[in-house]
Amino acid sequence: MAAKNIKYNEEARKKIHKGVKTLAEAVKVTLGPKGRHVVIDKSFGSPQVTKDGVTVAKEIELEDKHENMGAQMVKEVASKTADKAGDGTTTATVLAEAIYSEGLRNVTAGANPMDLKRGIDKAVKVVVDELKKISKPVQHHKEIAQVATISANNDSEIGNLIAEAMEKVGKNGSITVEEAKGFETVLDVVEGMNFNRGYLSSYFSTNPETQECVLEDALILIYDKKISGIKDFLPVLQQVAESGRPLLIIAEEIEGEALATLVVNRLRAGFRVCAVKAPGFGDRRKAMLEDIAILTGGQLVSEELGMKLENTTLAMLGKAKKVIVTKEDTTIVEGLGNKPDIQARCDNIKKQIEDSTSDYDKEKLQERLAKLSGGVAVIRVGAATEIEMKEKKDRVDDAQHATIAAVEEGILPGGGTALVRCIPTLEAFLPMLANEDEAIGTRIILKALTAPLKQIASNAGKEGAIICQQVLARSANEGYDALRDAYTDMIDAGILDPTKVTRSALESAASIAGLLLTTEALIADIPEEKSSSAPAMPSAGMDY
């Protein structure tokens, strides 16, 4: 076991503080509409230019092991906030540094760290309750666009695209961000249930030019096993042919005699039919087939449930207004399923998302929910250079997460105003604390609440303390618009922050800063000295 280097008490806290400060200084320059960029060197490829707090934080690793511990703990603040709300990472870092710096001053002066932490926790609870009171729900397309615009560093093009995407796919829909091949940033929306399985034979296409198979008012057979023989398959085919409606077949595999029969009937008899493989694999495949069955009002024909293919009736088939199948994917538009059943299925998937601990599972469940409830929107980000495109993509990601957070918990006046508006409530709470050190902990939060506003003003070239005094002297929603250097009603001006983002930033910052304040010793490996001697040269007479 390697020898350890241990720091105690004051020395330990100073090392942590230096690490916290080093990381925070790099991150907080990005805050606000006049925040600057940070350029990150990469071991290969071009440097990365970003204004995203968590991206900057993740790149920081300090040489001194004890200082690095402080930096890594604050990095955790940014990561936790990103995980919870998807945005607000820079605000969280600014708050964490403010809470720890002020707390450290009081611990050095003799305050009890455990009581300080209790006071900090109580104060945070009061502030969070107040934020929830002043929060207002997002009601209009315009407000969604404003939230996205602010989060995308005042880029209204991105804000409007995200608002349009949200409007088209709904709050449960999926919005994904991809890199475009051209200069333009565009929005593509796929409405209805879409999965990446195309037709099994090009003979199924109904349009030779587009190579698409379009089935109007279609019936859908959903089967979870292979179909290879025609005998079991014939009864249901005859019923569909008699009904005169087109048929989409989704099965694990359709091959041999069965596929040949379908192709022959399509070409010679004009039977409008298309066969595709079931999406997904294993248990996920079965779940997706059940989703399709519920969406289309049909039944999954499964031998596990005692059903046989030869006994399938028209009543067991799903129905949809339109089905579009290309060689790569299938889209079911306007499935005619029972609305309460679809809603119950969505609620069940939401519950699974909440209970899941795997990020991969959550992502796949979210995809299923989006396909069932609204659709999928893809924002393709374009720019003149790859570096600019990556920077823009970061901003689109932030804006997308901020928008989802706003829809979930509502909005607050932005620009650090909401936190400043909680100061009177926290001041009223102070006399209720009997313990002096707990009261000091609450005062630490009181002071920290002004830190984001001061930093936004500082990044805009103004004196933070003066701006803060001016905002405190004004009424509820009035704050400082750093972009225009004016005091204005933040809600009317469209400068909004999602409640979830502000709440998560404060909670994460207070949690980690509280832990750092109660730290009394640091243990780190002693770095091994690297040998600078050159390797021995082989002697001249050696054989090779």
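Quick reminder: no glycine exception, Cβ is built from N, Cα and C everywhere.
Other Cβ atoms within 10 Å of the Cβ of G415 (ATP binding site), summed over all protein chains shown, number 27. According to Swiss-Prot, the ATP binding site annotation covers 30-33, K51, 87-91, G415, 481-483, D497.
In this structure, the binding-site residues G32, K51, G88, A482, D497 were compared by how many other Cβ atoms lie within 10 Å of their Cβ, and the smallest count belongs to K51.
Of the listed binding-site residues, namely T30, T90, the sparsest Cβ surroundings within 10 Å are found at T30.
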